[in-house]
Amino acid sequence: MALELSDIRQQITQIDRSLLKLLSERHRLAFDVVRSKEISQKSLRDVEREQQLLQELVQFAENENYQLEAQYITSIFQKIIEDSVLTQQVYLQNKLNEQRNQNLHIAFLGKRGSYSNLAARNYAARYQKQFVELGCQSFEQVFEKVQTGEADFGVLPLENTTSGAINEVYDLLQHTDLSLVGELAYPIKHCVLVNDKTDLNQIDTLYSHPQVIQQCSQFIHSLDRVHIEYCESSSHAMQLVASLNKPNIAALGNEDGGKLYGLSVLKTNIANQENNITRFIVVAKEPREVSSQIPTKTLLLMTTSQQAGALVDALLVFKKHQINMTKLESRPIYGKPWEEMFYLEIEANIHHPDTKQALEELKNYSNYLKILGCYPSEIVKPVSV
């Protein structure tokens, strides 16, 4: 006799709770691992060990005839490994950089429910900190609140996998004395959010931030005669649509934010790319020390001469010192037509002797060189088998 669906679901619930208990135990062991590495001074990330672990788990499941696909096993344990790595990084960083104020003040673009707000919450949760939300009307205001000390940190979007670089943030970095102290990647899932039951054929006006509009351009072009209203943030768009309460308008934003304003989801997954991710940076008034055991990035701002090959000569310094460059972005120099400055992101800690030597050599090939920040690489690249 077949089991009742309710009985099956009860068994699943019991198994899920057992899984949660085991995951919690594994999470706690990550602290034992990092304390051991703290004594031995071993590197935090051990890619060979991670690959070996995945291979052993896949083989074990096959030997035991668990009927689980290798890809399924690796995807689950890649996430578990990522949690372990980030947990260990946070432990070391908190020991190096004591935060006197337990209630952090974090500035971000928009109101509650904006993507920047959700990213700020994610960052605070990672470091297990309570925080006071400081919503801002512009990226410039985020910088100002940190500069004046009103905020401990500012969280800003730097680039998106669909729309590319956030040029306004890059340009503000040119003129700030703030330091980059962190990064995080946040998955972006745009939705059409409305007040009440309606359908897409009724929608004639869409509200959202320009970046969101750009990231959903293909979906928007598929609609007939729709008008775009640009807002200072996606949360501001949601607030407007909620307050206007009309059946012919919609906001483009995230589902969690929509719930805060009483909006319903009309359509999901409307971004041009399915895997739509925004990389956020975290800025502070003072730099934060990064443990030598942690994978680290450094962002530089540089200008070179206008001679042929000047940029190539500068970049060869990193090749000489075997330093990997993860980002090269150019922006115009205001007041100097056709001249550009370059943002370079490298996988290196500025306190490492080899990095110090490379930066000294780089000065010989640059007219201007500024270190914008050195921070933990918190985007964990998954290993594969």
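Including glycine, each Cβ sits where the backbone N, Cα and C put it.
Matching Arg17, Arg26, Arg28 to the substrate binding residues that Swiss-Prot gives (Arg9, Lys37, Asp46, Glu50, Ser84, Gln88) identifies Arg26. Long-range Cβ contacts of Glu50 (substrate binding site) within its own chain (separation 6+, distance under 8 Å): Ile81, Val383. Summarising the environment of Gln88 (substrate binding site), the number of other Cβ atoms within 10 Å of its Cβ, over all protein chains shown, is 22.
As a summary of secondary structure, the domain 'ACT' (299-376) carries 24 helix, 29 strand, 25 coil according to DSSP.
Within the model, the domain 'ACT' (299-376) carries an average pLDDT of 92.
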